[in-house]
Amino acid sequence: MSGFSTQELLAIFAMQGFAGVSFFSVLLLMALGLAIIYGQMRVINMAHGEFMVIGAYATYLCSITLGALPGMTDYYLFFAIPIAFGSAFLVGYVVEIALIRHLYHRPLDTLLATWGLALIMQQGFRSAFGAREVSVLVPDWLRGSYRPTMMIDIPLNGIAILVLTLLVTLGVWWFLYRSRWGLRVRCTTANRDMSGAVGINTKRVDRVTFALGCGIAGIAGAAFTTISSTGPTSGSLYIVDTFLVVVFGGAGSLVGTIASAFSIAQAQSLMEFFLGSSMAKVLTLLTVIGILLLRPEGLVASKVRR
Amino acid sequence: MNRLFSFFQDRHAGLGSILLLAIVLMVVMPLVFDIYRLNLAGRYLTYAFVALGLVLCWGYGGILSLGQGIFFGIGGYAMAMFLKIEASDPESTSIQTTPGIPDFMDWNRITELPWFWVPFNSLTFTIIAVLVLPAAFAFLIGFAMFKRRVSGVYFAIITQALAVVLTILIIGQQGYTGGINGITDLRTLMGWDIRDDSARYLLYYLNAVLLIGCLLIGRWVLNCKYGRILTALRDKEERVRFSGYDVANFKVFIFCLAAFISGIGGAMFTLQVGFMSPSFIGIVPSIEFVIFAAVGGRLSLVGGVYGALLVSFAKTMFAEAYPQLWQFLIGAVFILVVLVLPYGLASIYGRFGHRMRTPFERWLGDRKARSSASSGGFQEPLQEKRP
Amino acid sequence: MSSNTNFLLSIENLTVSFDGFKAIEGLNLYMDESELRVIIGPNGAGKTTLLDMICGKTRASEGSIKFRGKELTRMREHRIVWEGVGRKFQTPSIYEELSVFDNLEASYPRGRSVFGALAFKRDEEVLLRINEVAKEIQLETRLDESAGLLSHGQKQWLEIGMLLIQDPELLMLDEPVAGMSVSEREETAHLLRKIAKGRSVIVIEHDMEFVASLGGKVTVLHQGKILAEGDMQTLKQDQRVIDVYLGH
């Protein structure tokens, strides 16, 4: 780092930091869904990335239909996000009924079955939308950037995604810890048999939780479209990172998931500037694995008496 | 005929089923296939090494690794490095800026053979590397993880991440590794042309013999007390630990054995196909190896071999004719095997074979089993484990 | 320190906390050789946690556990077993996919290292010992059956057998008769009295009749501490014990 002055370094850190924010947002949204699903029913959803892609394609469809209407280009995203959520939620709901519910408590088997599902979904996207990547119309108000000083340039879409992510995270927190449904979810996570005994329909809780996790991935897809173009295999690029975020954060901990998504995204984004993207990725992954070996329970974990 | 069946289908891999496989590999397939198809079969059989390793460590040990491509790749790259150095003698590379080094290094303006390439001048070193490096690498990973009690899903995810890391490294360090294209244009082994028909036949047979050898090693490991401890470990790890066993060591061993076997497969792949590339290391191939073992039967040693052959041939045929359909099909196979046939084709064969036996033979078989006090007998688990 | 050497097991000032909650707090417990000790106490008293700590499953926050003068708190689990401590889990913990014979052989105290297990030979000595133990747990006719097919009570006995084959000096049993029929309970009590000869045994139990039928010293645990110690008759009169445990 000798070639840079302190001021330049600060600017680089600030800019790379904000560049990492978009990555952080998508990663966190993906990880939230995955963490909820894994925490609740120990299902490893390898097709989670494909649910993100569903959201992304839904957003794309909105952009070419709604967005093409006069005067709607600036606002279609507000419709696209709930639609992205809804479509991923719906597919998730169906997948739970058709596949996932047969595999509870066989985590390694869910991993294989959902990988098969991911292959099918990828081919489905390819058949429906073609192998070429598509991109959405980014509304004008997301295109500019905010420049607090001469050297720092923060793209607006990054800020918008961050706001969206924070809202969704808040929503998830409210849902899990403040709503009646969340109480049922937490009950089922803590003790499935007991929850069933006190009258919670655990199967329904599972179904909704799984679908909700997928729906959040759909929102991640909507956010994803504003930073990158979407292809049939876009989701699979995120799946390894997302898993590491969940595991690194300590499965089942909201704070841990946020902290780990943030640190992984920022570490990668900062190192990218100095080492190039592939070495940054290698170093980030190795560091995370290394820390996981020292602390297999993840960043945030409570000691449970068994 | 009935006698034959009971001979072939006893336990996870009776000698009979291995013998039958040996006949299929060494007599039937060379008779039926032309040299092109036989070479293709030989290539698929190198995947069978990895599948066999997975049957041992995933089926019996309960350790699912989604990074077996790492070990296949290490074995394959070690062999490829040797062959590449041989292919890059100063004469045939005289048009390069620096003759005598592999072409991709020259393209990347490297002027000297990197230090870690130098030992691969020696065939002896290369063979030792093929046999030792994958297991040594597996030892490092396994020791670090199993001593820390990382297992199950976490282990699967971390090994997958490691496969990603290795792929990115190889692709990123183009000058040293050949990058995304891999190491290509491998022609001779100590001056012997590995691409002509006689060489292909010989390599095919060498491959088959090595595979049968690995099967026998696997069978022996499963049949001794170690094998029973391994099965016990998958079922009740705590009980094994509190019966006085260092559980981590038992896991490290089977993981290393699986890596060792996979590495041999990788080296044989390079020899028969003539190149090695990162596309046999990453997430997709690693998970394909798992599907081979799952389709064949995760508790059947020979099952992994049949699984690798069947799925790969199906892939070649379908992917040529209907590339779109193949993805749907293989996806459906994943789901169906897990949902309907968790113990793979071997379990169908087992049930079918059992029905073919006469009552007398069943009685005979039962008596034999009793007298040998069920040495490592294995049935499908009675019920799904629900914690 | 000098007192330690006279006991087989001496636990001093043992404490463990889970996120601030102390499951065991400042516990002292001493056991003689060939002693049969029953531990009772209400749910959450720390009984199972205590066994977990002796066998190394849970690590102590403070204090010491000495077995024949050797400190166990830092020893690795399998080493503790090698020292001669055997532990039966609360729910029957056997290898359901293996035969009864294999279950017993898998616990045979030879071939405990990886290479030892690879080189292990099933010789006459092993067969004799397995048959001997199988007789003791009344499973000698079912050696070839898959262990998953045994009844609940037989599974419990099999697990006891798996410990017996290692001939431990200290055997710890966590609720060995839970879920057993009356006749099975009697037989288990008989079995326990028999195996208690020549070794020390710790039994956790809820069933008072069963505790009385075993005889031996009883320790009452309450909220991670020892509430009282003595024989069953004395404890039945103890007001504190009645209040927290026997009363209801």
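For all residues, glycine too, the Cβ spot is worked out from N, Cα and C.
Remember, TrEMBL labels are computer predictions, not curated facts.
Residues of the same chain lying 6 or more positions beyond the ends of the transmembrane segment (B:12-33) and with a Cβ under 8 Å from any Cβ of it are 4, 41, 45, 60, 201, 204-205, 208, 211-212, 215-216, 218-219, 222, 299-302, 305-306, 376, 378. Look at TrEMBL and you will find B:12-33 (among others) tagged as transmembrane segment.
According to TrEMBL, the feature transmembrane segment maps to B:45-74 (among others). Note on the transmembrane segment (B:45-74): residues 12, 25, 133-134, 137-138, 151-152, 155-157, 159-163, 166, 170, 207-208, 210-211, 214-215, 218, 221-222, 227, 230-231, 233-234, 250-251, 254-255, 257-266, 268-269, 272, 276, 278, 280-283, 285-290, 292-293, 296-301, 303-305, 307-309, 312 of its chain, located 6 or more positions outside it, place their CB under 8 angstroms from a CB of the stretch.
The transmembrane segment feature in TrEMBL is assigned to B:123-146 (among others).
Summarising the annotation, TrEMBL assigns transmembrane segment to B:153-172 (among others).
The transmembrane segment feature in TrEMBL is assigned to B:202-222 (among others). Long-range Cβ contacts of the transmembrane segment (B:202-222) within its own chain (Cβ-Cβ under 8 Å, at least 6 residues beyond either end) map to 12-13, 15, 18, 21-22, 25-26, 30, 38-39, 41-42, 45-46, 48-49, 52, 55-56, 60, 194, 230, 254, 257, 261, 264, 268, 271-272, 301-302, 305, 376.
With a threshold of 8 Å between CB atoms, the same-chain residues lying at least 6 positions outside the transmembrane segment (B:243-269) that come near it are 42-43, 45-50, 52-54, 56-57, 60-61, 63, 65, 68, 70-79, 130-131, 133-135, 137-139, 141-143, 146-147, 149, 151, 203, 206-207, 210, 214, 217-218, 221, 226, 229-230, 233, 237, 276, 280, 289. Taken from TrEMBL, the feature transmembrane segment covers B:243-269 (among others).
Among the features that TrEMBL reports, transmembrane segment is placed at B:301-319 (among others).
Marked as transmembrane segment by TrEMBL: B:325-349 (among others).
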Contacting positions for the transmembrane segment (B:153-172) when only residues 6+ beyond its ends and CB under 8 Å are counted:
63-70, 73, 141, 145, 178-180, 182, 278, 281-283, 286
